[in-house]
């Protein structure tokens, strides 16, 4: 080993040692630092009566309301109906979006006939069609499912289409030389190549589903987390409003993480910059 | 046996039709190693794509074992300039591709090929983890698994450094001696053409046609430093220089 490499190695270990002393906290804790700090300030401000309880109840009060609702089973009940709505709408719209995206992605003809109309509809703000939905389908479950499914449809449709179209022609040529069947081309070339885009679409679809679930439940329902929030607002139970918001945040984060886990498992082959 | 007879190919371009190949005539015996060399634009890659069946818009006849080539297929293995591996499959799955590794016979052959292209220990590696030379060897193994009648190689080692390239040439000759696959190898490297081929086809541009075919009657393994190698190399080189002359004359006329 010559002198230069010895120096290099020393410099390397030096930098590593410095890095170690610089990060005494476990990695996962970093994301929690800011929320914890804010919560502490909030709690102190509430205890000192700097903010009104009906506007901003102390975190401890919200936690107590959370515990109370969880214990009575009310929370589970609301969550269950929300899950069924969001999940049902998402599955309906997402599946159609995925299939149509593959369909228009594969065929020039399908793209020419379908895509322009869909692209136009995509730009209509969904919230603007809610009155129409209520008019047509009432305020019952059907209009909620449909609203959520339309919201879930577009991101998956759009990104699946993009994914199918982003396939490298060079790999297509390879599949020709290797005599892939039509089905093999679909499942072994087009699908894996489009998967990064499809998963991105999935993630956005899941997000939109939750957003529209909240809207749908607030426009009139007798159960669900959105209903719980709306109901609590009427009775000035701000702590319960917060419980609802926290629930949405938690479930949203959980479903997002689920998609992230899928990405890690299915897209580990990608050679991308990881920070 | 591969027979090419009266092959013409024109590309439509905005400024009119461009003749890419003009009256190509060539016969390649089964098991022969033929290299193609010529400046860019001489149509050597186009010729290879036509033989592969990837390009079917041409006039003339191209026959493999007496049958006209109708489209791409595994009997005409193709090695592109880039490895073109499926990034989501590891090495052994890339070699198997649309054949199932659960099939015992496929699995055994994949193992043998990994041995042949000297990739033992990298079976589970993904393309992003491979060097250019390794990836190209995977591509070669992938083509060989299908037991091609003829292997078409389009400047396969062009992107590799000199050391890797020499090594890859030896690997390829190994494979050729083992399998006796017919090889059509396109290159722009004179040494490579003379080192590998039993015949060197020299091509001319504008319009692309075959200028000369030189037989390289040297036993394998060849020594680049040998005097007979150097002699043949300079023969090919002088032919090659004749190819370049018209262009220079035109330039001199201005």
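Using the three backbone atoms N, Cα and C, a Cβ is placed for every residue, glycine included.
Please treat TrEMBL annotations as automatic predictions, because they have not gone through curation.
TrEMBL annotations:
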- A:28-45: transmembrane segment (TRANSMEM)
- A:79-259: domain 'ABC transmembrane type-1' (DOMAIN)
- A:83-107: transmembrane segment (TRANSMEM)
- A:119-139: transmembrane segment (TRANSMEM)
- A:145-164: transmembrane segment (TRANSMEM)
- A:210-229: transmembrane segment (TRANSMEM)
- A:241-262: transmembrane segment (TRANSMEM)
Any residues 6+ beyond the ends of the transmembrane segment (A:145-164) with a Cβ under 8 Å from its own?
85-86, 88-90, 92-94, 96-98, 100-102, 104-106, 111, 115, 118, 122, 126, 130, 133, 137, 190, 193-198, 200-202, 204-206, 208-209, 211-213, 215-216
Between the stretches A:28-45, A:119-139, A:210-229, A:241-262, which wins on the count of C-beta pairs under 8 angstroms to the transmembrane segment (A:83-107)?
A:210-229
Residues of the same chain, at least six outside the transmembrane segment (A:241-262), with any C-beta under 8 angstroms of its C-beta?
57, 62, 65-66, 69, 75, 78-79, 82-83, 199, 202-203, 206-207, 210, 214, 225-226, 228-229, 232-233
Residue list, the transmembrane segment (A:119-139) vs rest of chain: Cβ under 8 Å, 6 or more residues beyond ends.
146-147, 150-151, 154, 158, 212, 215, 219-221
